[in-house]
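Input: a single structure, listed below in structure tokens.
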Amino acid sequence: MNTNSSNMMALAPNTSNKRETVCIFGTGDFGRALGHKMIQCGYPVVYGSRSTQISNLIPKDAEVLSHAEAAQKAAIIIVAIQRQHYNFLTPLAEILRGKVVVDISNNLKLNQYPESNAEYLAQLLPGARVVKAFNTVSAWALQSGALDASRQVFVCGDDMEAKQMVMNIVRALGLTPLDQGSLLAAQEIENYPLQLFPMWKFPIFLSLGLSAFFFFYCLALDVIYTYVYEKNNFSFFIAITIPNQICPVMALILLGLVYLPGVLAAIIQLYRGTKYRRFPDWLDKWMLCRKQLGLIALAFASLHAVFTLVSPIRSFVKWRTSKAIISQVLNNKTEPLDTTNAWLSDSYLALGILGFFFFVLVGITSLPSVSNSVNWREFRFVQSKLGYVTLILCTAHTLVYGGKWFLSPSAYKWYLPNIYMLSLVVPCTVLVVKFVLIFPCVDKPLTQIRQGWERNPKYSE
Ligand code: NAP
């Protein structure tokens, strides 16, 4: 069979509605799932396999031939076989010359081989037009139609026309092709499916570490101290009281940590008098995971809201309330309304509710589906301005809640400050520095630096 004719057919503009035949090498999980989807979308599919026996797992409208015969029937060959078996392709190099060969393979480890699988395939088949695609889509998602999480298909290759042909197939399957450039991008594309929440690692470990620290801190002060000195068994605090102390503290500290790198970066730029020098690596990495820190902070704030809402139905709270009422009855004395206390309690609740509202608003705009629908200025406004409003409200909520007993000696059990006092260190530092940074005498040079001005141009080398 003339191999060139099939190429010509595929490259010619498709004037009829009939789709061109696609060849899939390998009748494994991915090959079958992709073939099934392609047949559904109107593509004739021919499999190249080591065994030409038709099994009932193979889509019933597909043909199964030897690799050489199948390759001759199509201009596009999708290699659904692991890289370690690619050697079998070497004898097929002549048949595959000029054809579009799609590498869909993944590896088991990041940067497992010196070159990407797609580049390796291109070396084995020097005349073929190799394109990398489909590796981020799973066989399960193709088969079950649950493609929401992996609708994007990263495509790369050195031959523009070949890449376009593959992208057309991707679109026809209802997926979204994302052109990632030349075959040099293949290694990165092959690493995508192996990454496990790379931006979440630091925020998650930090949150776990800080939560564990605050848990033992509260356990020592609220349970062990009370047991040792007051002979009260408050071990049940572990279930709700302590978590409801940790959650707001974590939310506030993490929210502070979202804005701290920004003010540190401003100080560094002011000190250096230029924006053209790289920030230290730790600051760069910290800035990159601010969104994740913010979302974890929002999760803690939401838990705090839920824990607070269930407070009135807790048996300990009911007991404490009825004890206060009974003591008034026994003493035949009604305690007068303390308006200062009423003001403080209503104020901290109002600040908390407002703070939580803005927290949710900032969190929602950081989601890709929402952030993609606002322009850069709107995004900056919500993330920066409303973010600072959230930080101010949440800090004020904590200050009003604990302000009056922060200074009382009874708040210092074992000479240790209450965790609410600890939680204020980061946000107050951020707010004080930010306050200084917005003074015109500081803000003006900082704005100039951010617009490209340099105090000492030697830094721009
Ligand atoms: P699989 O179920 O193990 O199928 C691999 C197929 O390769 C076999 O069915 C066999 O087909 C063929 N094969 C095996 N040994 C061979 C050899 N020595 N020479 C020639 N052909 C051989 O694997 P899979 O899950 O379909 O994955 C195939 C490729 O797709 C892999 O590179 C994988 O990284 C990639 N991928 C898979 C998924 C997924 O969700 N499974 C997702 C993205 C990418 P025949 O018996 O028909 O020859």
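Even glycines carry a Cβ here, placed using N, Cα and C.
As written in TrEMBL, here are the features:
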DOMAIN    21-107  domain 'Pyrroline-5-carboxylate reductase catalytic N-terminal'
TRANSMEM  204-229  transmembrane segment
TRANSMEM  249-271  transmembrane segment
DOMAIN    249-394  domain 'Ferric oxidoreductase'
TRANSMEM  292-313  transmembrane segment
TRANSMEM  348-367  transmembrane segment
TRANSMEM  388-407  transmembrane segment
TRANSMEM  419-442  transmembrane segment
**Complete:** DSSP assigns the residues of the domain 'Ferric oxidoreductase' (249-394) as 121 helix, 0 strand, 25 coil
**Rounded mean pLDDT for the residues that make up the domain 'Ferric oxidoreductase' (249-394)** = 92
**Message:** How about long-range neighbours of the transmembrane segment (204-229): same chain, 6 or more residues beyond its ends, C-beta under 8 Å?
**Reply:** 197, 235, 237-238, 241-242, 245-246, 249-250, 253-254, 257, 292-293, 296, 300, 413-414, 416, 418-419, 422
